[in-house]
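Asker: Pasting the feature list from TrEMBL:
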- 10-70: domain 'HTH tetR-type' (DOMAIN)
- 33-52: DNA-binding region (DNA_BIND)
Amino acid sequence: MNIKTADEKQQKQALIAETALKMFEENDFYDISIKAIAQRSHVAKGTVFNYFKTKENIFMHLLLVGYQDFFLQTLNQLQQAKLTTTDELKSFLLANTKDLIENHLTLIKLNALRGPVLEGKASREETIEGRKKLYEVHEQLAQFIHDSFPSIDVKTANKIFIIQSSIASGLINLSNLDSFNQEPIPGNMDDFKVSILNDSMETFDYYLMGLLGK
């Protein structure tokens, strides 16, 4: 009898999820199938279904766990930075935004799919459980900012990171207006072009100026 331990199950689930993430970095969401994920993970298709009932479940899991990890990393960096001024906080948040876009762009892309695509077929129970865990991490991060800068309440501190992701997700959704199906549209459409990194940084900078008065 093949009885897997909890650690073995967790490792298998992580393998499948990490494989799906790599495929998402290379392919459109709609071009990825459970069968392809199974083949690349070197497991049976049924094994994937043992851990994730739908493809959307896999990517919802990646989104929630990915953001949990990112915000825990952010909290750790904040604790080590020992910021004392709002200028320092602003610089930290802009650097954090750059890190998010340059090193975790797949998270933002998955976030853009969350409402219109993933929630339709993802497990309600698993999603709610994962979102509650994410909320706990988010609250810890916001509480630390409030404790360090009492003029910023916890609710406002939470919104800082919601706005951060919203700006980048929105720019992703509105990118490539100068092309159709990855082919450039004839004519001059330069003003439709966006830089996800540069435009996100600039817009978030404006937001922080209004929030922090800097």
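Glycine is no exception: its Cβ is also placed from the backbone N, Cα and C atoms.
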Asker: Under the DSSP assignment, what numbers of helix, strand and coil residues are found in the domain 'HTH tetR-type' (10-70)?
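Answerer: Secondary-structure breakdown of the domain 'HTH tetR-type' (10-70): 51 helix, 0 strand, 10 coil.
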Asker: Looking only at the domain 'HTH tetR-type' (10-70), what is the model's average confidence as pLDDT?
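Answerer: The predicted confidence over the domain 'HTH tetR-type' (10-70), as a mean pLDDT, is 94.
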